[in-house]
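Peer 1: So Swiss-Prot has the following annotated:
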- 1-85: region 'Disordered' (REGION)
- Thr18: phosphothreonine (MOD_RES)
- Thr58: phosphothreonine (MOD_RES)
- Ser70: phosphoserine (MOD_RES)
- Thr85: phosphothreonine (MOD_RES)
- Ser104: phosphoserine (MOD_RES)
- 111-522: region 'Disordered' (REGION)
- 167-178: compositional bias 'Polar residues' (COMPBIAS)
- 179-213: compositional bias 'Basic and acidic residues' (COMPBIAS)
- Ser183: phosphoserine (MOD_RES)
- Ser231: phosphoserine (MOD_RES)
- 243-272: compositional bias 'Basic and acidic residues' (COMPBIAS)
- Thr277: phosphothreonine (MOD_RES)
- 296-323: compositional bias 'Polar residues' (COMPBIAS)
- 339-361: compositional bias 'Basic and acidic residues' (COMPBIAS)
- 383-396: region 'Interaction with SH3 domain of ABP1' (REGION)
- 414-427: compositional bias 'Polar residues' (COMPBIAS)
- 437-452: compositional bias 'Polar residues' (COMPBIAS)
- 471-482: compositional bias 'Basic and acidic residues' (COMPBIAS)
- 501-512: compositional bias 'Basic residues' (COMPBIAS)
- 549-580: region 'Disordered' (REGION)
- Thr552: phosphothreonine (MOD_RES)
- 556-576: compositional bias 'Basic and acidic residues' (COMPBIAS)
- Ser576: phosphoserine (MOD_RES)
- 593-679: region 'Disordered' (REGION)
- 603-614: compositional bias 'Polar residues' (COMPBIAS)
- Ser623: phosphoserine (MOD_RES)
- Ser625: phosphoserine (MOD_RES)
- Ser627: phosphoserine (MOD_RES)
- 667-679: compositional bias 'Basic and acidic residues' (COMPBIAS)
- Ser667: phosphoserine (MOD_RES)
- Ser671: phosphoserine (MOD_RES)
- Ser675: phosphoserine (MOD_RES)
- Ser678: phosphoserine (MOD_RES)
Amino acid sequence: MSSEVTPKVPERPSRRKTSELFPLSGSESGDIEANSEPPTPAGTPNVPTRRPILKAKTMTSFESGMDQESLPKVPLQRPVRRSTTEELNNVMNNTSKELEEIESLISKHNIHNVSRKKSPTSVEEGKVAAIHQNGQRSASDNKTSTNPSPLEKNEHEGAEGNEFAISPSNLVNKSNNEVTEHSDSEDLTEKQKVHAALDNEAGDRSHFEEKLIPGDMKVQVDVSKDVEEGSLNALPPSGITESDDKAEKFTKHPESSLEELQKHQEQQEEKIFQNPTDEESTTSLNEKQEGKDNMEVNSQPQGPSDTETVIAATSSNVPSQIASEEENDVPVIPRSRPKKDFEAHVQKEELPNTQEKRVSEECDSTLISTEEESKIPKIPSERPKRRAPPPVPKKPSSRIAAFQEMLQKQQQQDLHNNGNSSATTASADIAKKHTDSSITSDTTKADFTSKLNGLFALPGMVNPGQLPPSLEKKLSSPDTESKLGPQDQSQAKTGPLGGTRRGRGPRGRKLPSKVASVEKIEEDDNTNKIEIFNNWNVSSSFSKEKVLIDTTPGEQAERALDEKSKSIPEEQREQSPNKMEAALCPFELDEKEKLPANAESDPLSQLPQTNTVGNRKAISEESLSPSEAIANRDQNDTTEIQEQQMEDQMEVDMERELSGGYEDVDSALHSEEASFHSL
């Protein structure tokens, strides 16, 4: 075969050996190194010999492994609850457009742009007003805002353009105020600007506006007019300036300004009544603006050159002076008497009526809306639970029901008896009443006891429905006793003490046959029966003939010798009285008479006599009564005598056997038989 056909045997695969867990000895390690194969490549991972120990999963190891950023942070303070005024703030924000419209109207019809008069004599009035304003400032300490409103700034600027030049100190103050106003205006929100504009208008309103009546601008004009008229009267005729001409123009044409103010008031009333929330916001901020105006006047310098600011303070803060008078109770006397304006008075009287009508209409609308809401049915969230049925009253027991019926019957009977007795007593005569007083007293007692019906335990009471007979006799009248016959009384006495009750058991069921067939035992206590029976009997079957046949002559001779030796005690015994001999039968007496004659001839004739004595005793015991037999038994000593005789006979027989006194064998045998029979 060629080499190509021969198969190639593969090499045997070599086993890889892992490192031992425990170190081997030197010889073993050398053998392993010699036979070891090349080591495995370094790229394969080394399998650890031991399993790594698990770390305890405690809280410390858990916290150390986690990042601090992943854990939630607990807030230091509890979140503050949102205030309840948040809804009101939302309402104010929604009405910002309407407030802007009101602000534009106020800026168009602003009264503060009217030029005011300046005179050196009006400085004193400004000082008086400043004194009252200082007193009012002490009452409102919490209002510390000192920045002037933008409307007042415009007012001062208009006065500067038309009147004399202002001193440099006023310019410095104005520049400072403008800087502060500019910085504050940047911080204010739109809402705060609107409120500031409303505050400026509210600061110039009178006490009538505080009562929710808008359009008080006319009152301010009247007050300022009175003040200017007083100042004109105080001026000298020579010192007339341009400001005086302007003031005269203002006083000469008051009607045109009044018409414009009335129109403005009507427009403002309509808007405010349409949005009452805006009016409330303006009235609430009225007091704040008054405090700001007071601070402005005090912050400005008071001197002969600053007469313009003093006049503005007196004209704008007349309501504040009235309030300060009410607080401090210090009256202020004006220099000129105010003139009465009939048109303003009429308008003031008409305004409250219109306001009351509108307020009443609003109240009616609110009431109608609440009534409509109340009429609308509301679906409850949860279904109402059904009420449980009323508890059924328990039925009274039979005893309670019977007791209630009994009481009702008694009450009805008592009512009938009382009605009948009242009719009879009215018809009875007075004489009969005196005679029958004792009888009626007895009947009333009986009625009283019958009403009790055993409710109270009386002595001797057995049945609650009946009274004892002794008590009935005492309480019953003599007429009732006479009416009752002897038979009725006997029946009443022999009545049952208590009602028989039926035994409790299964109703409507028959008893088992074993129980039903049992006869009842009836005990009769009145009958007595006597029975006589014999307790014991004595019978003797030993006869005289039988003894004679059994005994031999040799035995008879031996017995005779024994009896002779014992003759002395027998004679004594015969001499002692014996009661048993008197009870012997007559045939035994005949035998006893015959025996003594034969006894002398035959000495063995005494044995039958002993037997006859036993027979006599048996006969006598049968004839005697039990008590007599017991007495004779105690006195009889026959049993003891017989025992003594037997013992003596046995001793004699023993002596004969030991001595060998028998002559023949026959005599010895006969003696043994005799001893056996004697036993």
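Each residue, glycine too, has its Cβ placed from N, Cα and C.
Values in this document were obtained by computation on a predicted structure and should not be read as measured data.
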Peer 1: Let me check the 10 A CB neighbour count of Thr85 (phosphothreonine). How many other CB atoms are there?
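Peer 2: Other Cβ atoms found within 10 Å: 8.
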Peer 1: Calculate the distance in Å between the alpha carbons (Cα) of Ser104 (phosphoserine) and Thr85 (phosphothreonine), and round it to a whole number.
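Peer 2: If we compare the Cα positions of Ser104 (phosphoserine) and Thr85 (phosphothreonine), the gap is 28 Å.
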Peer 1: Does Ser627 (phosphoserine) have same-chain partners at least 6 apart in sequence with Cβ under 8 Å from its own Cβ, and which are they?
Peer 2: none
Peer 1: Can you check how the pLDDT averages out over the region 'Interaction with SH3 domain of ABP1' (383-396)?
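Peer 2: Result for the region 'Interaction with SH3 domain of ABP1' (383-396): average pLDDT 81.
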